[in-house]
Amino acid sequence: MRVLGIETSCDETSAAVVSGTPEAMTLESCVILSQDVHRLFGGVVPEIASRQHLIGIVPAVAAALQEAQVSLSDIDAVAVTHAPGLVGALLVGTSFAKSLALSYDKPLVPVHHLEGHLFATLLEHPDAAPPFTALLVSGGHTLLLDVPAWGEYRLLGQTRDDAVGEAFDKVAKLLGLPYPGGRPIEQLAATAEAPVHKHPHRFARPMLRKSSTPADEDYYDCSFSGLKTAVLYAVRDAERTGTLDDARASIARGFQDAVIDTLVEKVVRAARQHRRSRVVLGGGVACNQALQAAMRNAMEQRKGHVFAPSPRLATDNAAMIAAAGIFRLQRGEFAAPDMTATASLPIPGMIVLSSAR
C-alpha cells in the first residue's frame with residue numbers, strides 16, 4: 001500500500017509518501033517546509049503558524065508527489081496528524097486532507113502525532129520494532145513508554161513540568177542563544193574545556209534519588225523546572241561577577257549533562273524493569289548527539305541497542321505520519337466523517353501504569 005502523509009501540528013508544513021507494510025516500509029519522498037519566521041519571536045506564534053501552513057500545504061504535497069514520481073491516483077490512502085498540537089495549525093492539515101481524500105475517493109486515516117514519532121525510526125532502522133522502551137522528547141512532550149507491540153503503549157513516566165525541548169529553549173534564552181535552543185546549546189556545551197566530572201557548573205540531577213524503587217510515583221517521571229531555575233541563578237551570578245562570557249559554555253554543558261543523566265537513568269530503569277533490550281528515541285531532542293552517545297553507552301553495558309532517527313525524521317515530518325498511517329490502515333481504521341483537530345489527546349492504545357499517574 002502507498003500512503004500520502006500530511007503533518008501540520010506545529011511549525012513545520014510537511015508531506016511525504018511511504019509505501020509497504022508495517023514490517024517493511026519504503027520512504028519514497030519527504031518534504032518539510034520549516035517556518036523560520038518564528039525565530040524572530042523566540043517561539044512559535046500560533047496564528048502565524050496557521051497562516052504559513054495555508055501558504056505551504058499545496059506546494060508541499062505537490063513536491064512530495066513529484067519527488068516520489070507518483071500521482072494522487074497512485075495513492076491508496078491519505079494519513080494526517082489530527083492530534084495533539086496547535087488547533088489552528090492542525091485544522092489546516094486535517095481540512096486539506098479531508099478534502100483531498102473526498103475528492104479522490106481515498107480512505108482518510110487520522111494519526112496521533114506522538115505515535116508518528118514512534119514509527120519515524122522504523123523507516124530507517126527496520127530492527128526498531130517492538131518490544132522496546134521508547135523515549136519521546138520534544139519541545140512539547142517528554143514521555144517514557146513501554147511498547148510491547150505496535151498499538152500497545154504503556155505510559156511509565158513523563159515530565160511533571162517543562163518538556164525537555166522547552167527547557168532547552170528557555171535555557172538557551174537565558175544564555176543569549178537563538179531559538180530553537182537545542183542545537184545551539186549542544187554546540188556551546190561541546191566547547192566546554194573542563195572534564196565532565198570537574199567543570200564548575202554541575203547541577204543537581206532532578207528526581208534521581210538512589211533510594212528510589214519502581215513502586216515510587218516518581219521512579220520514571222522527570223522534572224526540569226528546578227534545573228532551569230538553577231541555571232538562572234548561575235547566569236545571574238556570572239553576570240554579577242562579569243564572567244558570563246567565560247561561563248556560558250560551562251553552564252550549557254552542566255545543564256545538558258544534567259538533562260542527559262536524568263533521561264538515561266530513567267530509560268535504563270524502564271528497560272531493566274520491563275526486560276527490554278531495545279530503546280527507541282523520538283522527537284526533536286533525540287537529535288542531540290551527546291544524548292544518543294550516553295544512551296548507547298548505557299544500553300551497551302546491558303547488551304542492548306539504541307535506535308534514533310536521523311535529524312530529518314526526528315523533528316516533525318509527514319513521513320512518520322504516513323508510516324503510522326500504514327499501520328492504522330492495515331488495521332482497518334479510518335476517519336469518521338466528523339473527524340476534527342484536537343489539541344490534546346492520549347495516544348490510541350495507551351494505558352497509564354499506576355506509577356505514571
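A Cβ is built for glycine as well, from the same backbone N, Cα and C atoms used for every other residue.
Listed in Swiss-Prot for this protein:
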- H113, H117, D316: Fe cation binding site (BINDING)
- L136, V137, S138, G139, G140, D169, G182, N288: substrate binding site (BINDING)
| request: With an 8 Å cut-off on Cβ-Cβ distance and a minimum sequence separation of at least 6, pull the same-chain contacts of G140 (substrate binding site), or say none. | output: C10, P84, A163, G165, E166
| task | Only counting partners 6 or more residues apart, tell me which same-chain residues put their Cβ under 8 Å from the Cβ of H117 (Fe cation binding site). | result | L136, S138, G282, G283, M320
| Those residues of the chain, 6+ apart, with a Cβ under 8 Å from that of D316 (Fe cation binding site) | E7, S9, C10, D11, E12, S14, I32, H113, G284
| said: Among S138, N288, the binding-site residues in question, whose Cβ has the most other Cβ atoms within 10 Å in this structure? | reply: N288
| query | G139 (substrate binding site) has how many other Cβ neighbours within 10 Å of its own Cβ? | reply | 25
| request: Indicate whether G182 (substrate binding site) is helix, strand or coil by DSSP. | output: helix
| field | DSSP three-state assignment (helix, strand or coil) for H113 (Fe cation binding site) | value | helix
